[in-house]
Amino acid sequence: MKPDVQALMNSCHICAQCKDPRTRPAGLLHPLAVPSHPWSHLSLDFITGLPPTRGNTVILVVVDKFSKTGHFVALPNMPSAKETAKLLLTQVVRTRGLPSDIVSDRGPQFTSRFCGAFCRLLGAVASLSSGFHPQSNGQTERVNQDLERTLQCLASSCPSSWSEHQSWVEFTHNTLWHSSLGMSPFQCQYSYAPLMFANQEADIAPTYQLGQQVWLLAKDLPLHGYTRKLAPRYIGPFKVLRHINPVSYRLALPPSLPVHPTFHMSRLRPMLCSVGPSDPLGPHMVDRAPAYMVKRLLDVQQVHGGVQYLLDWEGYGPEEWSCIPSHHILDSDLIRAF
């Protein structure tokens, strides 16, 4: 009886029309032809519904399946089959040569007899995707997602300005590292990486003059008086004593810093003098402990059998004047002069 009930349920027209299947989609994906060189296999698609800008509302997306290079063309409206053929000739064939395979959806531009005749004249195969099955042209659909998301971010405050960013979005897309290539589409296509606006690989370091004050990177140095988490990134400033070689300098380090005084220029940073009010100077390291410079002694008083001095700190304003016991003042000449 159970098989009969199951057969009746499976053949129910209402269930077939109203219930969603809970199984995996039927049919295995079949890979498309693998290209052997750039721009031999193309995929095309259109992005529509964009706000009018400079008379354009549509973007033609052309993707090279070999190098993953994307080419984006802004259009005033959806082109006809003849206009699409002209765009393919002027935007792709003119600079990249004739393709051997063109993948697209079943839009009227690609299913027309004109498009079929055009592909035959080029010697290219027109590979049309199945209806409502975007996975057939998945690579272009993925590029569309990236393009739409990037334009949305760049033109969020003024959506009608998307056309101004389109060229730079294309350049950025083609110069980003691609996981399936192990390089950028630009490098895959032209065999070299383009010069980028911000090259972070190596910066041209400044040349330091003798006697110039520089900051020293504190990483890996034996700093005492600080916890590692709260230690300053740079210490100093220290005077440049000697230019050892094109990339190394010798600094005038205090005895409390028992390290070799020669450092690579990557560990140095120039001390810049401000034309306005300067920031307070940090402490110097004396006997492996932080110490601050005293500008002058202002006053003296007896407190609980001891002597305290009112100090004016170097680099600080009157709001930082403070009373310090005499035994904390390391420079005895200040006390004698006072």
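Here the Cβ of each residue, glycine as well, is placed from N, Cα and C on the backbone.
TrEMBL labels come from automatic prediction, so no person has curated them.
Feature annotation from TrEMBL assigns domain 'Integrase catalytic' to 34-193.
Per TrEMBL, the feature domain 'Chromo' maps to 292-338.
Shown for the domain 'Chromo' (292-338): DSSP residue counts in helix, strand and coil, namely 12 helix, 22 strand, 13 coil. Taken together, the residues in the domain 'Integrase catalytic' (34-193) have a mean pLDDT of 89 on the 0 to 100 scale.
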